[in-house]
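Worksheet: one structure, shown below.
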Amino acid sequence: MRCFRLSRHFIVYLFSLCAILLLAGCVQSRGGFVSKNHVVLAEQNPNTHFEQEVMIVRLSQVLLVGKMSNEERASLHFERGVLYDSLGLWGLARYDLTQALALQPKMASVYNYLGLYLLLEEDYDGALDAFNTVFELDSGYDYTHLNRGLNFYYVGRYHLAQQDFLQFYQADKKDPYRVLWLYLNEQKLKPQEAQTNLVERAKGLSEDFWGTHIVQYYLGHISVEELQQRASEFAENSQQYAEILTETYFYLAKQKLNVGLVDEAAALFKLAMANQVYNFVEYRFAAFELMKLKPVQTEDEKEEKSAVTKAIVF
């Protein structure tokens, strides 16, 4: 079984690598993370998730044979669901989280996860209900302000998103990711103030976060080539490098998308997913952004086909 698991992961990695190399030609760059002949990816180790896989087996055994209270069983379902989520097995994660909720209907953390899954399925009303329930159960659940803010952001209710993103930022002003989402929202809500606010908020950021360097890039203080160099220096191991690249490609993609470079943004979103950091916000919403871009790309393809048809007829 061990040999089979290793070979399967290796084959998936090779397939993904080939697909990503094809994307490089879609992104025009003078250098840095992506060029026509070069794509920066983290090294993939087939054993990266071995500990999570072992823990899932152990939790499954306990759930099958263990005698416990509903509260204990709900906790185990939640733990296994979070592990499944970290492996990108979102269907299995959702099943476990639903089981946990059936046993313990007042688990705020479960509603937070389920709300996120509903958001990623574009069930915005269902997601909003779930996030509101989190606050009813636990008013101090900080990260739900981010998730509910994202829900508002993606339906264009930027004034409501601003309230949640601002509250999320005020809870930790040293966190650059809170600053980045405020900036992205303000580009839609009040673009004339977004850059000025980013400059001001950047002053209080911690250098302990990789995202601080992304903010410096957004401000124009460093080039994409310098950003790449800092990324390789910042990462202490291949897993951290994968996380850094996931974040970086996502925010580079958002920058491209905001200036109308849809094809380049799509390629960068795919690269954000290539490092397989499934439980990062940036991975989840890279997949979400790609899903939202499909109708746009489909309409473009229809127009091209229509133009070709007219050319043939006339």
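Including glycine, each Cβ sits where the backbone N, Cα and C put it.
For 1-25, the entry in Swiss-Prot reads signal peptide.
If you look up Swiss-Prot, you'll see CYS26 marked as S-diacylglycerol cysteine, on the strength of sequence analysis.
Residues annotated as N-palmitoyl cysteine in Swiss-Prot, with sequence analysis given as evidence: CYS26.
Summarising the annotation, Swiss-Prot assigns repeat 'TPR 1' to 74-107. Helix first, then strand, then coil: DSSP counts for the repeat 'TPR 1' (74-107) stand at 27 helix, 0 strand, 7 coil.
Summarised by DSSP class, the composition of the repeat 'TPR 2' (108-141) is 27 helix, 0 strand, 7 coil. As annotated by Swiss-Prot, repeat 'TPR 2' applies to 108-141.
Taken from Swiss-Prot, the feature repeat 'TPR 3' applies to 246-279. The average pLDDT computed for the repeat 'TPR 3' (246-279) is 96.
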When you scan the chain for residues with a C-beta under 8 Å from the repeat 'TPR 1' (74-107), skipping those not six or more beyond its ends, what do you find? 49, 52-53, 55-56, 59-60, 62-63, 68, 113-114, 117, 137, 276, 278-279
Please work out the helix, strand and coil residue numbers for the repeat 'TPR 3' (246-279) from the DSSP assignment. 26 helix, 0 strand, 8 coil
